[in-house]
Amino acid sequence: MGRKPCCDKVGLKRGPWTIEEDHKLMNFILNNGIHCWRTVPKLAGLLRCGKSCRLRWINYLRPDLKRGGFSETEEDQIIQLHAQLGNRWSKIASHFPGRTDNEIKNHWNTRIKKKLKLLGIDPVTHKPIEQAEEKGNKVELNSSSKEESLEVKAQDDQGKKQEIQEPNLDETNDLLSNFEMMLGGNFDLEQWLEQETNTCSSHTSSFSLEESNSNNPSTMDDQFPSIQQDPLQQWVESVDSFLSWDCFNQLAEENIFLLGK
DNA sequence: AACCAAAGCAACCGCCCTTCC
DNA sequence: TGGAAGGGCGGTTGCTTTGGT
């Protein structure tokens, strides 16, 4: 008598998403917005469950995502927030615009946890590991990790103040509001593309458009030849999944989403 | 060059909470 | 007010990549 599954998994595709699936999902969401995740795969023509679509969008396709490694400052903040909130990753993620809970969780589990353990700090309680264990770690601490130890002490001191450095709220709000505007259907992609084509092509040598590259275009104008007719479609079909999203995200970092300003 | 182990990360699972009827 | 449905969240898995031998 278990709970009813979120969806009928029979006939549904699982595993890594293909570029085509990404395109379909992006295309659908950018055209229609998000109303009910359960209906998204059906309407978008995807053989995925709604949850899977939601996860893919939130963790990977969302245009306001910030990619790349975590900075020292971000790591510090994560540690402080974790000390206060525990494993409430979504709450922690809400302090990092453009970061997902999954990303932070992964980073915590793979790196920060180890770093803290190495420094003799229990990643769960954020207190020094018990004497016995601590002795074992001292050897390491005395050798290579001395600097890190001091760094963590500083973090600890900061934590005691119970003051967490707030993110740039203006930036966060701007990103969110523009993203909401986009989902609400008011996002003028055509205008955005017109404004930003040069920016994109200028700083993304890795910008790979395998599909549209058949003509070896040298500029974005060439890459989007019929942009005037159906810019969204052109854009979605032309992007090569995450490589192009790197470009997109880079633009987002440069406040390209602040169109409403 | 080949193999193995570790690390990193995307995706899935299942429970919990909220909303709606 | 209670039950069902849907979404959100945290934990876990498993595949891919990277580094070492």
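Cβ coordinates are placed from backbone N, Cα and C, and glycine is handled just like the others.
All annotation found in TrEMBL is predicted automatically rather than curated by experts.
Taken from TrEMBL, the feature compositional bias 'Basic and acidic residues' covers A:129-138 (among others).
Among the features that TrEMBL reports, compositional bias 'Basic and acidic residues' is placed at A:145-164 (among others).
The feature compositional bias 'Low complexity' is assigned by TrEMBL to A:203-219.
The domain 'Myb-like' annotation in TrEMBL covers A:9-61 (among others). Mean model confidence of the domain 'Myb-like' (A:9-61) amounts to 84 (pLDDT, 0 to 100 scale).
Each residue of the domain 'HTH myb-type' (A:9-61) gets a DSSP state, and the totals for helix, strand and coil are 31 helix, 0 strand, 22 coil. The domain 'HTH myb-type' annotation in TrEMBL covers A:9-61 (among others).
Annotation comment: TrEMBL describes A:62-116 (among others) as domain 'HTH myb-type'.
The annotation domain 'Myb-like' is assigned in TrEMBL to A:62-112 (among others).
According to TrEMBL, the region 'Disordered' annotation covers A:129-169 (among others).
Residues or ranges marked as region 'Disordered' in TrEMBL: A:203-223 (among others).
Counting residue by residue with DSSP, the domain 'Myb-like' (A:62-112) contains 31 helix, 0 strand, 20 coil.
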